[in-house]
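A quick write-up on the structure given underneath.
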Amino acid sequence: MTSKSHWKLLALALVLVVVMVWYSISREDRYIEFFYFPVSEKKEPCFQGEAERQASKIFGNHSREQPIFLQLKDYFWVKTPSAYELPFGTKGSEDLLLRVLAITSYSIPESIQSLECRRCVVVGNGHRLKNSSLGGVINKYDVVIRLNNAPVAGYEGDVGSKTTIRLFYPESAHFDPKIENNPDTLLVLVAFKAMDFHWIETILSDKKRVRKGFWKQPPLIWDVNPKQIRILNPFFMEIAADKLLSLPIQQPRKIKQKPTTGLLAITLALHLCDLVHIAGFGYPDAYNKKQTIHYYEQITLKSMAGSGHNVSQEAVAIKRMLEMGAVKNLTYF
């Protein structure tokens, strides 16, 4: 055998070994170094307006002019016409919305307003938070944004105990606000349909409960302070759908593709904060039928069938934001 042939065989053997090792590692571990930065005990420097500059590249400069939360004065004294129905606008739902805005608030707390530079983390519900030991790190951020019914009690070591903002919708409100939130947590309603306004009104005003019009029965009793409730401006759902996912805003009623609460929360953070980090985002591969998707329950991707969410498309959007430095990742993606 010539020396040239000998080296070719050695090279081929080496390639085979590398391939075997590569595929013996789980996909998540394989990409653990991508779009991930090691967590430091020191706070990362925060530069005022940095997230705004990054957001303008994605959403355009005009998006910062929009209020984060809906206000009564914009619907009571001056009619604010909306071009779209929920979840991308308020067209056709104004009367119900007025009643809700009359008993809730819209202000951003002084504890956030007064910050020279707002350091925020959006905590996803992903399985990769399990055994992450990120709780202490998460608690150090000025603003901690959580999603839906993701629990804190019993998981503090991995997800922290601080909750500044929690986004929810009626069907995801199956959590005890007294246990899973802090006393000053803002509960921000993401309205997908007019019945969502009706539900929150009946809860806060103790009226006859609504039982129909939901894909899952929401709580009939929910002990919350109306002054802690905010209504998210559906503008943020619109730009997340349009600018991040390229979804049509005018859709047939039976289709209704829409962003997940997680992607919506990142969009919100880029408009509220100066520094935005994320943790616990990402789903298993589509072929992985057994991997759980949340850190707190045993459900798989199968549970998202028919949800109107395209998680593959959202992964591309989040990867794009990570690549351009608009957000940084505490876990891996």
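Backbone N, Cα and C define each Cβ position, glycine as well.
A quick note: this is a predicted structure, and the numbers were derived from the prediction, not measured.
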Disulfide partner of Cys120 per Swiss-Prot: which of Cys46, Cys273?
Cys273
Which of the listed glycosylation sites (Asn131, Asn310, Asn329) has the least company, meaning the fewest other Cβ atoms within 10 Å of its Cβ?
Asn131
Can you tell me the CA-to-CA distance separating Asn131 (N-linked glycosylation site) and Asn61 (N-linked glycosylation site), as a whole number of Å?
39
Secondary structure at Asn131 (N-linked glycosylation site), reduced by DSSP to three states:
coil
Pop the Cα-Cα gap between Cys120 (disulfide bond) and Asn329 (N-linked glycosylation site) into the table, whole Å please.
12
